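Per TrEMBL, the features are:
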DOMAIN    5-235  domain 'Carbohydrate kinase FGGY N-terminal'
SITE      Asp7  site 'Important for activity'
BINDING   Gln69, His70  substrate binding site
ACT_SITE  Asp228  active site, proton acceptor
DOMAIN    244-427  domain 'Carbohydrate kinase FGGY C-terminal'
Amino acid sequence: MLVAGVDSSTQGTKIVVRRADTGEPVRAAQAPHPDGTEIDPRHWWEALLGACGDGMLEGVAAIGVAAQQHGMVALDADGAVVRPALLWNDTRSAGAARDLVAELGGPQAWARAVGSVPVASLTVTKLRWLAEHEPANAARVERVLLPHDWLTWRLTGGGGAEALTDRGDASGTGYYSPADGAYRPDLLRAAFGRDLAVPRVAAPSESAGPVRAAGLPAIGTVSVGTGDNMAAALGLGAGPGDVVVSLGTSGTAFAVAEEPTFDASGLVTGFADATGRFLPLVCTLNAARVIDAGARMLGVDLAEFGRLALEAPPGAGGLTLLPYLDGERTPNLPDAAGRLDGLTRANLTPPAIARAFVEGMLCGLADAVDALTAQGVPVRRVLLIGGAARSAAVRAVAPQVLGRPVVVPEPGEYVADGAARQAAWALAGTPEPPEWGGTAAAEVYEADPVPGVRERYAEVRAGLTGAA
Ligand SMILES: Nc1ncnc2c1ncn2[C@@H]1O[C@H](COP(=O)(O)OP(=O)(O)O)[C@@H](O)[C@H]1O
Ligand SMILES: O=C(CO)[C@@H](O)[C@H](O)COP(=O)(O)O
């Protein structure tokens, strides 16, 4: 029997088809999304239909959707999308985040209420922004969904079909408490000014019903879906002591945990996972696209950029990149810009620049891993995934910057795999998801740590923020 998993992430939709019992890969496809931090959700739907073409879903008995977290999909009374979805990396609601934090009594109050301190990424801040800046649109909104909620609902027919979500994705809204397993309608109301309908939070292995969407085959089971990071943890079979570092559009570091976290510093967001546990997570806005931007600037492709980076010595001859090219979320600097520091005539070379870009991006993630350990998350091994983990230079430099060996599972679509594993779970109806072999085929990258790289980075960051 076959199952399918969909990853509708920032830059594109990926779909994998696997055997339900063993997880053996059968076929895969992808379709790109348009660029931008606000997107009409119909583009995600069209990409999903595109990736599902060519008989991709033939023989598939269950399908699950994982998607980029936090995006605000605002629907009117008829279920129509009111305005393009504001995505997780859209920073226009930074002021709303500051206001909401102050109104509830500060970061500690938010961390206690929902496990996370709102920053512009969280859905609750986008609702406040909408209420304040687009009152006519806000007046039409009756219901708010997340990207994966909306796609799952469309798969099950849309219209009158029940909209569902899961603990994992709900935990990124800012109006759901993962520790209590309950919505906080008071916080949603305080943000938006009135109540809105939200999707029911289904159990991790629940079925949302059969596929009832025009243009798709009749598949008996649509699993409830989840956020992309929760799905990656499920796809990897991450267990206690595993810290996953994902280098996609976002850079994330996260771990599956038995207990919730409540970090009032705001660095660690206390999310839930897709199995009934928790997923403390740190997210940066600047990961794979820092490498893309560096390669574009040097006029080379990604392979050549990586080759150049490995030509330069660790530390890039004193060149340090603070990679806040899209502003930053962790640390919370939505209006920041990047900095290239320490330029000399000797290091103003393509290899040193490429090296500084790779190191700067990884320093942001090294800080993320430190923030997790500060919350008591154990680190037995670091797993490196996401688009930029395909870069040989990133894989080689990661252990130097992170200061520990890095396990790189075989390149794959772990978010889509997690969605497929959830679909297999919904089909099986067992208490735990089916065993799929996890990260058996992984390569370990080791290198001597180069602490000076992070020390220089911390100095440059302190120069920007005034904090060490
Ligand atoms: N070999 C590579 N070297 C560096 N970056 C890569 C490589 N292959 C893919 N990427 C980058 O990975 C990113 C896409 O990663 P992905 O994890 O799919 O992102 P998302 O899930 O956010 O859509 C793109 O920015 C792409 O340029
Ligand atoms: O906002 C977060 C996590 O809190 C991001 O990780 C998004 O979920 C987008 O993920 P990618 O597109 O980078 O996979």
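Backbone N, Cα and C atoms are what each Cβ position is placed from, and that goes for glycine too.
Distance noted between the C-alpha atoms of Asp7 (site 'Important for activity') and the residue listed as 'active site, proton acceptor' is 7 Å. Over the domain 'Carbohydrate kinase FGGY C-terminal' (244-427), the average per-residue pLDDT in this prediction is 98.
Proximity of Gln69 (substrate binding site) to non-local residues of its own chain (separation of 6 or more, Cβ distance below 8 Å) is seen for Trp88, Ser121, Leu146, Pro147, Asp169, Gly172, Gly227, Asp228, Asn229, given in sequence order. Checked against ligand 2, the recorded positions Asp7, Gln69, Asp228 give Gln69, Asp228 in sequence order as having a Cβ less than 6 Å away from one of its atoms. A simple way to gauge crowding: the CB of Asp228 (active site, proton acceptor) has 31 other CB atoms within 10 angstroms, across all the protein chains here. For His70 (substrate binding site), the same-chain residues 6+ apart in sequence whose C-beta sits under 8 angstroms from its C-beta are Leu87, Trp88, Ser121, Leu122, Thr123, Lys126, Leu146, Gly172, Thr173. Reduced to three states, the DSSP call for Asp228 (active site, proton acceptor) is helix.
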